[in-house]
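Participant: TrEMBL feature annotations, pasted as is:
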BINDING   Asn14, Asn65, Gly75, Asn76, Asn164, Asn197, Glu215, Arg216, Gly225, Ser226  substrate binding site
Amino acid sequence: MNRNRFIKSHGLGNEYIVLDEDNITFELNEKAIKRICNVNFGIGSDGILLKVSSKNADIGLRIYNPDGSEAEKSGNGLRIFCKYVFDYGIINKKELTVETKGGIVKANIKEIKKGKANVITVDMGKAIFKSELIPTKYEKEEVQGEVILLEDKEYKINCVSVGNPHCVILKESLDIDEIKKYGTKIENYHMFPNRINVQFAKVINRREVEVLIWERGAGFTLASGSSSCAVASIMRKKGLIENEVTIKMIGGQLKIEIDDNWNIRMTGEVRQICEGILSDELLEDIEMYGL
Ligand SMILES: N[C@H](CCC[C@H](N)C(=O)O)C(=O)O
């Protein structure tokens, strides 16, 4: 098979490039990740999914943000990756386990269209509210309703981990310019040692929530699976929604189910955009210039 093959897919407009560690001829280091994810000097993407081996699950996955940082989990990334391994016959079953830095998850190919996986469910693990496990530097047991001051703005924050860290802010109305202005300040706030993903969330009713996303290491994205899980967990904890909710984002919507032990299940569509080969010139430029 050709070396340096990639596929590019999206989950609700949150796109990823998939690579196989056994197929690439270069080191997927920070320089490579930044250039490949750059829309002008590379392919352009919200991140990279690297297929790796696993001794503890059917397959392993490493998740990288466009800034080169590694993420413990990605909901859209996991659905895209499961579609890839199913569509390309790497794993010939509809139920599979994937080992990520944030734990082992179980996935289920829910719907197949013309022989390709189309809708995928992922059991994303448990919502963790303990502040030191998120992690945050807050002394309190949990970070719920804490106030942070950012220059001229005050936000009430609610933090949760779904394998990766999240800061959920409840809003009466959602403003893209506001999250683009303050998202990075919250992402890099000094109380979050590993930085944090940020969501502005507005309850529509007990079964629908609207969300804007600012991702750690990626910035403003059209959708985010782990963010959807985080928002649903916080809303459920505050008694604002039922245990099954639709999270509505600019790129589309996800169904999130939360059981009585805070186990989270996420279901949504994934679509492939293209497949191709990374050119030798791109690899030369990574070596010579990085980004
Ligand atoms: N930027 C996130 C990882 C990707 C999350 C998002 N794309 C998703 O679908 O969950 C982080 O650093 O934790």
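Even glycines carry a Cβ here, placed using N, Cα and C.
TrEMBL entries are annotated by machine, without manual review.
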Participant: Including all protein chains shown, what's the count of other C-beta atoms within 10 A of the C-beta of Asn14 (substrate binding site)?
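Facilitator: Cβ-Cβ neighbours of Asn14 (substrate binding site) within 10 Å number 30.
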Participant: Let me know the DSSP-derived helix, strand or coil state of Asn14 (substrate binding site), please.
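Facilitator: Strand, per DSSP.
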Participant: Whole number in angstrom, please: the longest C-alpha to C-alpha distance across Asn14, Asn65, Gly75, Asn76, Asn164, Asn197, Glu215, Arg216, Gly225, Ser226 for substrate.
Facilitator: 17
Participant: Within 10 Å of the Cβ of Gly225 (substrate binding site), how many other Cβ atoms can you find? Include all protein chains, please.
Facilitator: 30
Participant: Using DSSP with the three-state reduction, classify Glu215 (substrate binding site) as helix, strand or coil.
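Facilitator: In the DSSP reduction, Glu215 (substrate binding site) maps to strand.
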Participant: Below 8 Å Cβ to Cβ and six or more residues apart, same chain only. Which residues does that give for Gly75 (substrate binding site)?
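Facilitator: Residues satisfying the criterion: Gly11, Val122, Met124, Val162, Ser224, Gly225, Ser226, Ser227, Ser228, Cys229, Leu254, Met266, Gly268.
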Participant: Cβ distance under 8 Å to Asn164 (substrate binding site), same chain, sequence separation 6 or more: which residues?
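Facilitator: The answer is Ala71, Glu72, Lys73, Ser74, Gly102, Asn197, Arg216, Ser226.
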Participant: Counting only residues 6+ apart in the same chain, whose Cβ is under 8 Å from the Cβ of Glu215 (substrate binding site)?
Facilitator: Asp46, Asn65, Asn197, Val198, Thr221, Ser224, Ser227
Participant: What does DSSP say about Asn164 (substrate binding site): helix, strand or coil?
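Facilitator: Where Asn164 (substrate binding site) sits, the three-state DSSP reduction gives coil.
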Participant: Write out, in the order they occur in the sequence, the residues of the chain not among Asn14, Asn65, Gly75, Asn76, Asn164, Asn197, Glu215, Arg216, Gly225, Ser226 that have a C-beta within 8 Å of the mean position of the C-beta atoms of the recorded substrate site.
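Facilitator: What remains near the Cβ centre is Gly47, Ala71, Lys73, Ser74, Gly77, Ile213, Ala218, Thr221, Ser224, Ser227.
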